[in-house]
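> Before I ask anything, here is the structure I am working with.
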Amino acid sequence: MPTSIQFQRSSTAAEAANATVRNYPHHHQKQVQKVSLTRGMADVPEHVELSHTHVVGPSQCFSVVVQDVEAPVSTVWSILSRFEHPQAYKHFVKSCHVVIGDGREVGSVREVRVVSGLPAAFSLERLEIMDDDRHVISFSVVGGDHRLMNYKSVTTVHESEEDSDGKKRTRVVESYVVDVPAGNDKEETCSFADTIVRCNLQSLAKLAENTSKFS
């Protein structure tokens, strides 16, 4: 079964990273800082650590969620890299249309409409990174009707250790930085964003594992 690890409330795989982040004054910082959100995690390739290094402003919060998937990297990436079709695994997405570009080239922009019940209607999201070789994808929110202003997400996919029966496992790491809305604090903002990210990655894991079984 897929398991997720929420950064602020981590278990075994992220304990070292959690300790590292506690040393950052990210709840009270007064200036811009650079934060590596995977530092201290075991078996993290260098390019993954670099990808999850963010510049964080004094009115922003940040977090990272880790998801292990019992499926090959290629299967996970084939789903995750479809910038034009996030609703394949993001159940909070009602529809998505690419309004600029082809959905593959950096600079492409998609309009994402979300299901009712969320404090948002739609968002405009720009593709910042699409690296098929290193399996890195990143997008930033550049407009829309929502409360997550200046949201930037980076997601990486890399091969993890094999499990007891020799099957390949994949580790998905998603980190983000976002402005804290007026009237909210950093803990509230990260808690909300973490919940969405965690649900998305759990759904991604289930889809990839089911796809892998029949491939």
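Sequential numbering from 1, following the chain as shown.
Each residue, glycine too, has its Cβ placed from N, Cα and C.
Values in this document were obtained by computation on a predicted structure and should not be read as measured data.
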> Which one of these stretches, 31-35, 86-90, 91-95, 116-120, shows up in Swiss-Prot as motif 'Gate loop'?
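When 31-35, 86-90, 91-95, 116-120 are checked in Swiss-Prot, motif 'Gate loop' belongs to 116-120.
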> Candidates are Cys96, Cys190. Which one does Swiss-Prot pair with Cys61 through a disulfide bond?
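That would be Cys190, the partner Swiss-Prot lists for Cys61.
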> Which Cβ among the binding-site residues (Glu125, Glu174) has the fewest C-beta neighbours inside 10 Å?
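Each of the binding-site residues Glu125, Glu174 was scored by Cβ atoms within 10 Å; lowest is Glu125.
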> Please report the distance from the Cα of Ala121 (abscisate binding site) to the Cα of Cys190 (disulfide bond), rounded to the nearest angstrom.
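Here the two Cα atoms lie 20 Å apart.
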> Rank the recorded positions Cys61, Ala121, Leu148, Cys190 by the number of other Cβ atoms within 10 Å of each Cβ, and give the residue at the low end.
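Lowest Cβ count within 10 Å among the recorded positions (Cys61, Ala121, Leu148, Cys190) is Ala121.
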> Of all the binding-site residues given, Ser123, Asn150, which residue's CB has the most CB neighbours within 10 A?
Ser123
